[in-house]
Ligand SMILES: Cc1cc2nc3c(=O)[nH]c(=O)nc-3n(C[C@H](O)[C@H](O)[C@H](O)COP(=O)(O)OP(=O)(O)OC[C@H]3O[C@@H](n4cnc5c(N)ncnc54)[C@H](O)[C@@H]3O)c2cc1C
Ligand SMILES: NC(=O)c1ccc[n+]([C@@H]2O[C@H](COP(=O)([O-])OP(=O)(O)OC[C@H]3O[C@@H](n4cnc5c(N)ncnc54)[C@H](O)[C@@H]3O)[C@@H](O)[C@H]2O)c1
């Protein structure tokens, strides 16, 4: 016999970066709250996204330092990379973060964690296993999964995704990465530094399509200087496995666009974007509208077209970052519980690409500002002119800021350099507080910091 429907004040589907704090906040406010999670508490970021990748990237950076140490007079008598140990450290960090999340949920009164995948059975009901759950307030934080492009032959080869590569048992001899976005760049450089030969294949005309050309080119240049091969404007026409006697290093064969020939590879990583996990939710049973790509449509306060049903994080489309999902939680909870009137409209969307050096980004690019017809000036300072960078020997990249000619407000910035994300955040704070570029130009910063060179960045506008 089917058990009777359980009634809750609120149901949160998915324990991602927005769903988990939201469920806790609602429960602490006295609402009987169910958090439905089909896999691991903490979602993508903690289990297969930011946390594991940034942990492994830190180890790969260490390997690169050791590799480059002799150039700085530090002798290293050979070195090796123990992938198993790197993965074990990654797993221990992930487990620690996930366990902390689980403990936090267990310690929250009025909150029940329900393990299993939820799908809608009616306008305000979801089924998990045999049990139906009902609430007037439902929050969908079910995230995305790696999108696999329709490359002929792809289903016949054992391709890797950003999830499966995290536990790969061997360092690939030759890793071909499909894509030229965040995951491709971070993973490509990570495995190059661990010892793989790496080739990136991007179908667009540049890496990181959203960025300005000078940033794209500087990024490509330092990746190529490390020995990563980059194919732009290239499509894979077909991928196949060599016959079974081929050496493991050449297990795969990729036919490229006419003119680019073919490539052999030991491993293929698909990093061509992410798709929303809406199909398994059966949103048609609630009437919640999606866009043409399956992302949930929301208004500026994150409510869907069905009153009482909200979506937060990657599944609603737009910028897909942990801090955005978390900010979605802030907006929803403050509006519902504190009667605030917060909105996602015009919020800041900072991000950092964790290549080495990093790309820290905030606000408009130069091309976006020009497309909007804004009167702008652009300040550029190569990292070779940054005292701190010269001293530490990390002179790759550039600082760039876009300012409004009349108001002197900073409209956007790209800091491609060591700790670029941290330096970008200084400018983000200035933008949030309305601090103009001439104030930063003349401000006292501690010497010798990377951020100190923001003086010099804006001094370039004097010339
Ligand atoms: C390799 C990689 C690296 C990344 N690095 C960064 C980074 O450095 N910085 C950054 O800001 N962002 C990064 N991101 C993006 C970031 O991980 C996501 O934007 C972030 O996790 C927000 O996700 P979310 O809150 O929307 O949902 P998610 O974290 O994806 O969580 C969704 C949860 O819902 C569960 N779920 C799905 N469907 C159901 C269902 N029907 N029933 C029950 N549960 C369900 C899933 O199991 C999952 O736990 C990275 C992503 C990847 C893949
Ligand atoms: N540091 C971070 O904040 C960080 C790190 C990793 C991931 N993320 C998030 O995860 C999301 C997904 O990352 P991603 O790198 O998979 O997606 P992406 O959208 O950033 O990049 C995908 C790239 O693949 C290319 N592409 C698509 N189909 C292709 C094909 N058939 N052949 C060759 N190239 C193809 C696209 O042109 C694009 O450049 C990002 O948008 C980002 O929001 C963030």
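Any Cβ shown, glycine's included, is placed from N, Cα and C.
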TrEMBL has 179, 180, 181, 182, 183, 184, 185, 186, 202 binding NAD(+). Which one of 116, 118, 261, 273 is in the same site?
273
Tally of DSSP helical, extended and coil residues in the domain 'Pyridine nucleotide-disulphide oxidoreductase dimerisation' (349-456):
41 helix, 31 strand, 36 coil
So what sits near residue 181 (NAD(+) binding site) in its own chain, CB-to-CB under 8 Å and at least six residues off in sequence?
207, 208, 209, 271, 272, 273
Who sits close to residue 447 (active site, proton acceptor): which same-chain residues at least 6 apart have their Cβ under 8 Å from its Cβ?
387
Looking at the recorded positions 50, 179, 183, which have a C-beta within less than 6 Å of some atom in ligand 1?
50, 183
Quick one: of the binding-site residues 179, 185, 202, which has its CA closest to the CA of residue 45 (disulfide bond)?
185
Residue among recorded positions 50, 183, 185 with least C-beta crowding, 10 angstrom cut-off
50
Shortest C-alpha distance to residue 50 (disulfide bond) - which of the binding-site residues 179, 183, 185
183
Local backbone state of residue 179 (NAD(+) binding site), from DSSP in three classes
coil
